[in-house]
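Visitor: Marked as region 'Disordered' by Swiss-Prot: 1-21. The NADP(+) binding site annotation in Swiss-Prot covers Asp44, 158-159, Gln180, 258-266, 273-281 and rests on similarity to another entry. The active site, proton donor annotation in Swiss-Prot covers Tyr49. The feature substrate binding site is assigned by Swiss-Prot to His112.
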Amino acid sequence: MGAGDKTAAGMPRIGMGTAVQGPKPDPIRRAVLRAIEVGYRHFDTAAHYETEAPIGEAAAEAVRSGAVASRDDLFITSKLWCSDAHRDRVVPALRQTLRNLQMEYVDLYLVHWPVSMKPGRFKAPFTAEDFVPFDMRAVWEAMEECHRLGLAKAIGVANFSCKKLETLLSFATIPPTVNQVEVNPVWQQRKLREFCRGKGIQLCAYSPLGAKGTHWGSDAVMDAGVLQEIAASRGKSVAQVCLRWVYEQGDCLIVKSFDEARMRENLDVDGWELTEEEHRRIAEIPQRKINLGKRYVSEHGPYKSLEELWDGEI
């Protein structure tokens with residue numbers, strides 16, 4: 001699975017994530033430059049991550065140095081934050097993202113969560129007063145306008161359930177290209193993957209290794225005994241087994257490491273396949289969602305429970 005391996009729609013199958021705890025512009029810029037040198041071409045960011053500007057700086061520097069021939073050789077994904085998930089704020093939000101990136105377009109623009117907040121509310125913790133009802137139709141019509149204006153080559157969503165996708169598809173004139181969600185061997189998303197495949201929506205996996213080390217992540221994936229046993233028997237790392245498994249599901253995936261050796265390891269999962277028996281063993285791993293999105297739930301807000309946020313799909 002090289003970094004240049006792409007879906008039928010031209011999206012690289014593997015991308016580098018840039019969500020970090022607190023702004024770290026220079027380390028991000030250096031890491032993205034190093035990743036480009038290693039071979040990554042897809043970079044995943046978001047307004048909420050505050051990493052758009054250093055990614056743009058790294059991309060411009062890579063073009064100047066000849067590491068890539070032009071910006072067109074890179075695939076940039078960014079996301080609409082909840083406080084801009086309002087009809088009249090979507091296009092301006094993307095224009096601000098493009099200013100941050102110093103680019104004329106993004107390759108993919110996603111609705112970050114099916115959640116709306118009052119304009120200006122950016123950082124957790126959130127209160128019930130921060131949330132307002134999510135007008136999916138209005139937000140999506142504005143996303144479609146982003147595409148028509150040429151500001152986003154493709155549009156999609158993140159953290160959408162089957163039910164929410166069904167609702168979106170009932171009125172969308174431009175269907176979502178991608179649904180970016182948590183996918184890993186501990187949260188395999190079989191139902192959602194089957195639904196998306198049937199609707200022509202590409203599933204993109206975030207936290208394929210369980211997001212160990214983040215404020216919401218877990219050791220459950222990397223510490224899974226089945227994965228450790230498969231890795232040992234195949235002479236691979238647990239990370240490589242996880243990424244190979246996601247890849248063999250047909251999903252795109254977003255991995256995050258600023259360490260060059262790990263960057264290379266995360267790309268080095270070609271030349272072997274998991275056996276049917278290994279797939280069977282992985283399928284039997286007890287399932288539990290890691291990123292529950294609890295911060296978007298409030299007894300006085302639009303989503304009063306996790307069941308409502310995920311439409312029972314947890």
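Backbone N, Cα and C define each Cβ position, glycine as well.
Give me the structural setting of these features: burial, nearby parts and distances.
Guide: Reduced to three states, the DSSP call for Asn266 (NADP(+) binding site) is helix. Its Cβ taken as reference, Asn266 (NADP(+) binding site) is surrounded by 27 other Cβ atoms within 10 Å in the chains shown.
Around Tyr49 (active site, proton donor), taking its Cβ as the centre, 19 other Cβ atoms fall within 10 Å, counting all chains. Mapped onto three states, the DSSP output places Tyr49 (active site, proton donor) in helix.
Around the Cβ of His112 (substrate binding site), a 10 Å sphere holds 20 further Cβ atoms from the protein chains shown.
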Visitor: Quick one: Cα separation, Arg281 (NADP(+) binding site) versus His112 (substrate binding site), in Å?
Guide: 33
Visitor: Quick one: give me the count of other CB atoms within 10 A of the CB of Gln180 (NADP(+) binding site).
Guide: 27
Visitor: Thr275 (NADP(+) binding site) has how many other Cβ neighbours within 10 Å of its own Cβ?
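Guide: I get 11 for this one.
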Visitor: If you measure from the CA of His112 (substrate binding site) out to 10 Å, which recorded positions from the list Asp44, Tyr49, Gln180, Asn266, Thr275, Glu278 are inside that radius?
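Guide: Those close enough are Gln180.
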Visitor: Among all the protein chains here, how many other CB atoms are within 10 A of the CB of Arg281 (NADP(+) binding site)?
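Guide: Taking all protein chains shown, Arg281 (NADP(+) binding site) has 17 Cβ neighbours within 10 Å.
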Visitor: Quiz question: given the binding-site residues Asp44, Glu260, Glu278, which has the greatest number of C-beta atoms lying within 10 angstroms of its own C-beta?
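Guide: The largest 10 Å Cβ neighbour count belongs to Asp44.
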